[in-house]
Amino acid sequence: MATSLITRKLRSAEATNDVEPGWLKRQVTGVLQSISSHACQHPIHTIVVIALLASTTYVGLLEGSLFDSVRNSRNIAGQVDVDTLLQGSRNLRLGESTSWKWQVEDSLASQDYTGVNHLALTTFIFSDSLSKSSSIAPAATELPIPSNASAQPVPFTPNLFSPFSHDSSLAFTLPFDQVPQFLKAVQEIPDTSSDEDDGEQKKWIMRAARGSAYGSGGAIKLWLADAWGSFVDLIKHAETIDIVIMTLGYLSMHLSFVSLFFSMRRLGSNFWLAATVLFSGVFAFLFGLLVTTKLGVPINVLLLSEGLPFLVVTIGFEKPIILTRAVLTAAADNRGRAGQASSSTTKSIQDSIQTAIKEQGFEIIRDYCIEIAILIAGAASGVQGGLRQFCFLAAWILFFDCVLLFTFYTTILCIKLEINRIKRHITLRKALEEDGITHRVAENVASSNDWPLTESESSNKTSIFGRKLRSSSVRRFKILMVGGFVLVNVVNLSTIPFRDSSQGAGLPLLSRVSNVFAPTPIDPFKVAENGLDSIYVSAKSQMMETVVTVIPPIKYKLEYPSVYYAALGESRTFDIEYTDQFLDAVGGRVIESLLKSIEDPIISKWIIAALTLSIILNGYLFNAARWSIKEPEVAPVPAAPTVAVVEAKKEYPKIDLNPDTPKRSLEECEAFLKEKRAAYLSDEELIELSLRGKIPGYALEKTMENEDLMSRVDAFTRAVKIRRAVVARTPATSAITGSLECSKLPYKDYNYTLVHGACCENVIGYLPLPLGVAGPLTIDGQSYFIPMATTEGVLVASTSRGAKAINAGGGAVTVLTGDGMTRGPCVGFPTLARAAAAKVWIDSEEGRSILTAAFNSTSRFARLQHLKTALAGTYLYIRFKTTTGDAMGMNMISKGVEKALHVMATECGFDDMATISVSGNFCTDKKAAAINWIDGRGKSVVAEAIIPGDVVRSVLKSDVNALVELNTSKNLIGSAMAGSVGGFNAHASNIVTAVFLATGQDPAQNVESSSCITTMRNLNGNLQIAVSMPSIEVGTIGGGTILEAQSAMLDMLGVRGSHPTNPGDNARQLARIVAAAVLAGELSLCSALAAGHLVRAHMAHNRSAATTRTSTPVSAAVSAARGLTMSSSE
């Protein structure tokens, strides 16, 4: 119980346990899910509203600070603003009531000092007066002090940087009621050290008297300079230990920011998620600041600058990171289960967010409540010095941070998941297109792999927030969202100067917020300690009660007397150049009111332009707001075979295909065909046209396609049916193909849209193939069922027995030693010398770099690894080896080879080169070759397992030494005697072919993929077995992997499609699985062969009375194993 009251940062991992959620947790989680659900249903609305609210808040802050100084500059006119100089002053009382100790009092306005000696103590700082290149600061006697003012110099107080500063200082004390007159008199001090005789001389100008001479641009610069000067003064009068602590605090805060970005990068977001977390924190700060100041709690910049770094470091960004990890994990889990769930139970993006909130929401709220409670306790404490005020502000910041986490940030996560879905869709589609698949088929496959599933339509558009968009709109969407937010705020900031200062009264909610930027009260003892000591001695000796107002230091700068140019600046009109007009308008010197500013032609055009941009932006954002994610209401339907393409939901008009309907004439049918209305003809009419040669057999699918009449699946199925009839009735072959039309070859209920243009032509149906699973087999710590499509009995059972033995020894371990598909074109040259020159150039660094750049430019996935050349007469063979991502990659690499050869012929001086063939059998593809066995092709994998001796005897019914001897004599010596290349195994091809057929691989590549050497040895009484397969050619996208049944098997193995973060990992994992399955098959067959009773066991336990096929070593081996098992059980 006590552990639950500790925040997550302080709890150990062991303290978290899965228990039944209590009543409070269920209620809190339900509220959070409801809030986040409403926010995510309208993501654009949520983001825009919150961003505009935050913009309004900080515009109020700036309107009361930065631009107030800009407006006020027009009222200075070279005069001293005494009230401005007095801001930040502190009052100190000394007398009997304070036991003759300095006591800090409240502001001057709230005190009555009648009958008290009220003095003012001011310090003048002359910038750079001690530097060699500058004039000397004036002495105290050189100041133009009025005759009726009794200002007396007192010792000034040095600061931390005084020993190496170039500034000099003077301090004066005088009666407080003489301060305005005194400051106005000393706003300009002559420079007595100047040697200038002619013209205007420089003077020491008080900082407050410099504003109006520079127009609006100068006023803004003045504000920035004042802010920087205040910061420097604060540093100068701070203690060393305070500076060290604050420096460490700010360093820690920025390290927290860096840690946030690294954490989000590990979760898959390089920038945007971390940036939105920071935006959410800034919004929470603005809202908390608004509420705090509205409630009358005084907050200033000094308090914020000292407290915020430690608040950021203490609270951190753990909660957004935890929620992000939970949402992304839930999305990945839902996506993984999407292929196994029925259409009525498919999870959506919102379901992922709801699941994450259900798992982590209550714990996050609990942590917020604990932290807020601690801050409330700090705010209620009696500790002075700003702690109470900052704790009050921090509690509100955390409250709004919690609210924004489950509204603003969950909306951002919803958009992130949507963008991730679009990226997966586009990546898969482009990878399929690069592998040679048509755009339409690639789009269908990518749509069927989408999560959540979207309607597959024949277009190049994708869905975002329920609306179809082009793929190129994704990046534009992100840029417009961010750019739009920035633009709205730029317009807000830029229009502030055009608002009348009286407008502040119309925003009472923001009236107190501007006080945040008011000058921070100074520490009088750090600024004027020596002067106070002098006053103390005088007051104590006279026993006179004294109040001293310590005025913040006033800076002087040596420059020409700008106050004299103020009058000239006031006389400027709109007749001068437009640039000056605009700057004066921004500064507020010409604008008397908003109405007057609109009358100016330049300003009015600027306002109209800003208004136009705002309207365009709002139109885009609120049009995008209609893209809200809405969950479709899905009525429960009975279980039925799932079809990936959901186009059949559309209702189509019925067409009359009754064979008894009178047939149209041939001329009418041809007219329908020319009008591209052939789909309206009956089947018999279409068969007749095809037999007469009017419709080519390969064009039936294209002819049948009519989206207004039927779906593509139905049209293609009809095309297959018609083609079967055409083949059966073709006069030249009807004697032997006549039975095809009514044969048992199935053709219905198959998605031919994935076949057309990708896998097969002239389709007349599909062949069902028995599919079994072997295993489970543990591979690198993960258990798999191995899908195997075969017509050879007991092959799956044999592999399963090997898997059982391997699992008993701890599973198989695999190592990937190479990954690179190859293509070996043949090029010819007129002479041997030219061919040799080309070989030397390709083998050089220059040739390799040029060909690599050309090759890599053709694909986002293909990356050239190695070039190998061989010369045969005037023919040059070049073997390109490259990575191909998760595709098997033959088409992808062929495009790269063509591009590289073109660049070599046209740009590298080999224009006499002739490309004989893009494939010169130097690859080598679909043929047994020593080059594949030595250099590898595709994935090179080694799989190993250690089988305990007792498992060999009990499960495999064999002996370790017998297995080792059999492997040496059969697989090694026997294959060598036969002159085999890569055939040093028992039956690797059996398993490779079965897995290839089940997972949509190219069965013809079984030739080189089955190259394998099996090794065995006795390791301390245990059997160590390994298979080395240097050329496994597999892919998880493209080819037959796009078919529904085959992709389901890839899904079962967890390697379907392209890997989301590291392209190529899925294909490499499939190669590991194939090698481990071969290892299991090799172990089982060799064990059965080593048993020595194959013939007797096969004859005794053969279940087929009549011979239906020739027995194989596998069937005999597994039958022998069954016989031995049955015998032992008896």
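Glycine is treated like the rest: Cβ placed from N, Cα and C.
Residues or ranges marked as topological domain 'Cytoplasmic' in Swiss-Prot: 1-46 (among others).
Swiss-Prot lists 47-67 (among others) with the feature transmembrane segment.
Taken from Swiss-Prot, the feature transmembrane segment applies to 243-263 (among others).
In the predicted model, the topological domain 'Cytoplasmic' (264-270) shows an average pLDDT of 81. The annotation topological domain 'Cytoplasmic' is assigned in Swiss-Prot to 264-270 (among others) on the grounds of a curator's inference.
The transmembrane segment feature in Swiss-Prot is assigned to 271-291 (among others); the stated evidence is sequence analysis. Within its own chain, the transmembrane segment (271-291) has Cβ neighbours under 8 Å at 50-51, 53-54, 57-58, 60-61, 257, 260-261, 263-265, 299, 308, 312, 317, 320, 324, 393-394, 396-401, 403-405, 408-409, 412-413, 416, 478, 509-510, 513, 516, counting only residues six or more beyond its boundaries.
Taken from Swiss-Prot, the feature transmembrane segment covers 297-317 (among others), and the record attributes it to sequence analysis.
For 318-366 (among others), the entry in Swiss-Prot reads topological domain 'Cytoplasmic'.
The annotation transmembrane segment is assigned in Swiss-Prot to 367-387 (among others) on the grounds of sequence analysis.
Under 8 Å from some Cβ of the transmembrane segment (390-410) lie the Cβ atoms of residues 32, 35-36, 39-40, 46-47, 50, 276-277, 280-281, 283-285, 287-289, 291-292, 297, 299, 303-304, 307, 311, 315, 319-320, 323, 327, 353, 357, 361, 364-365, 368, 371-372, 375-379, 381, all in the same chain and six or more residues away from its ends. Taken from Swiss-Prot, the feature transmembrane segment applies to 390-410 (among others), supported by sequence analysis.
Swiss-Prot lists 411-476 (among others) with the feature topological domain 'Cytoplasmic', giving a curator's inference as the kind of evidence.
Swiss-Prot lists 477-497 (among others) with the feature transmembrane segment, giving sequence analysis as the kind of evidence.
Annotation source Swiss-Prot lists transmembrane segment at 602-622 (among others), citing sequence analysis.
Marked as topological domain 'Cytoplasmic' by Swiss-Prot on the basis of a curator's inference: 623-1130 (among others).
For E792 (active site, charge relay system), other Cβ atoms within 10 Å of its Cβ number 17. Marked as active site, charge relay system by Swiss-Prot: E792 (among others).
Annotation comment: Swiss-Prot describes S859, R860, F861, D886, A887, M888, G889, M890, N891, M892, I893, S894, N1102, R1103 as NADP(+) binding site, evidence class similarity to another entry.
For K926 (active site, charge relay system), the same-chain residues lying six or more positions away in sequence with a CB closer than 8 A to its CB are A1004, Q1005, V1007, E1008. A coil conformation is recorded for K926 (active site, charge relay system) in the three-state DSSP classification, outside any helix or strand. Residues annotated as active site, charge relay system in Swiss-Prot: K926 (among others).
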C-beta crowding around I893 (NADP(+) binding site), within 10 angstroms: 29
Intrachain residues whose Cβ lies under 8 Å of the topological domain 'Cytoplasmic' (264-270), provided they are six or more past its termini: 277, 321, 324-325, 328, 416, 420, 1061
Reduced DSSP assignment, G889 (NADP(+) binding site): coil
Secondary structure composition of the topological domain 'Cytoplasmic' (264-270) [DSSP: H/G/I, E/B, coil]: 3 helix, 0 strand, 4 coil
Residue with minimal Cβ packing [other Cβ atoms within 10 Å] among the binding-site residues S859, N891: N891
